[in-house]
Amino acid sequence: MKSPITEAGKRIYSCKFSRGHRRAFSVPNANGDRTRISVVEENDLPENQLQKNRVARFQPYVQKQKTVTYISSGLPVVVPMKINEEEIDLPNEENTKRGTQVAVRRIWEARWKATNFELLPEWLQDNEFLRTGHRPPLPSFGSCFKSIFSLHTETGNIWTHMYGCVAFIGAATWFLTRPSTVVQLEDKIVFGIYFVGAVACLGLSFAFHTVQCHSVEVGKLFSKLDYTGITLLIVGSFIPWIYYGFYCRLVPMIVYLTMISVLGIAAIIVSLWDKFAQPHYRPLRAAIFIAMGLSSVVPALDILITDGISYLLNEASLFWFILMGILYITGAVLYATRTPEKCFPGRFDLWLQSHQLFHMLVIAAALVHFYGVSKTAVKRMEHGSCAEQLLEQPRYLKFDFTEFEVMLRALVVRGGLRSAAVAACKVPVVMARETSIIFTGYPQQNKFSLDQVRFAAHVHLTMKAVEQRIMLVLSLYDKIDPKKLTLDSDFTKDLGLDSLDFVEVILAIEDEFRFEIPDGDSDNMKTPRDIYQYICDRKDVYE
């Protein structure tokens, strides 16, 4: 091969680059040998003041030679070369060395092609089981973002978390803009922390996979930001669950929030360590994030011991958090072991590689967590204030003996008066007159009943409190078998009550909630749930 510089009146601009150089027109597979890009430039200026330039790009193949004869020497070149030669037009003012470099860069950017793993520079060699389809180093952020729409090994990683980031931005916007009558400010703050963690994780991951081929420095910086985003997602996931799981227990809530915050800060510090992003530290990265996730076992055991397995499963939505943990751990294991591409090298270069599966599992786990926390928050709100919730769990309260005695007397008197009233209705009128003290005693019964209501409900009634009080009234009726009593039990078929018994039930319910139920409405009540729904619809009456 002869030198392209054979005619007078032409001069050469030569730029030397070594292996691993960060610019797009480096030759990353030069294996340490210095390589030269020659630009041949015409001296004659056309009338339109544009100068013809011929740019030749020389790329040696993989095999390394001890000596290299440069293309400008005029001697045969001993290294096999792949040449891409093209004419371009440059304005006269750009006819400088820098203008020539710009021209080379433009051609390289427009013509980059996915390459094999062994042709990448060392700082881009992350997964040797992905054989083809890698992006070469690109010179600018514009080129990196344009590569989003090209097919290569990072395409799936970029688009999965880009879609996930947009989805969580939309969910956060919808949730945080709800009126305060629907979502209170403190709930917006708690969920807002989770949304910030999710958007930061997915957004920084999208940015990292987009620009990691820019240069060594940019790749390292965004790699640290990527791991920081993962930590923020884990911490942000913990906060709402701990907040609602320990809603009425301030001390353990503060302890566990402090614990996860300290672990998060430690993980961020480790993530900023330069060597942390190196490929052989992949298992360590997975282990740290798995350990952070498994730290949730400690508060879960606390809830189990204090509140019981039923509360943990039903109120704290344990099932959804277990599913979330399974998804996260599965993704981390696939990422650490590089499955499935490790078993079938070259088969998963573009799609369904371990990192893409990890991304999809992370998004699924984040959505499952959001659903689980939402259910926990709704159940907490149904229970009302902490005073009501703690009343359901007496071990948390320090009862004064006098208050306890008054409450007990109220239950005994109310049960006795109702039983007597029921008996009075089934005897002749004379007997009813003889027992008229029963009816004159109702104001006193109402006083005790009202005292109990004030003790039990320091704020407006909640749906859960309404349900519990209906079931309490029905369970105190001596004609109802508590074993058969459920919210959907039919008064006639399941509980065996006749029409007169049902009237007594309605009277007791009216006395309990301090308002009258019209006969036309009571005729449509066939189950305790009908009563419950009717009272819940009458908030303007009992609040």
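Backbone N, Cα and C atoms are what each Cβ position is placed from, and that goes for glycine too.
Among the candidates His134, His152, His209, the residue that TrEMBL annotates alongside His355, His359 as binding Zn(2+) is His209. The stretch from 189-207, 227-246, 285-305, 317-336 with the most CB pairs below 8 A to the transmembrane segment (253-273) is 227-246.
Each of the binding-site residues His209, His355, His359 was scored by other CB atoms within 10 A of its CB, and the lowest score goes to His355. Listed in sequence order, the residues Glu154, Gly156, Asn157, Ile158, Thr160, His161, Ser205, Gln356, Phe358 complete the 8 Å Cβ shell around the Zn(2+) site centroid, once His209, His355, His359 themselves are left out.
Break the domain 'Carrier' (464-539) down by DSSP state and the numbers are 41 helix, 0 strand, 35 coil.
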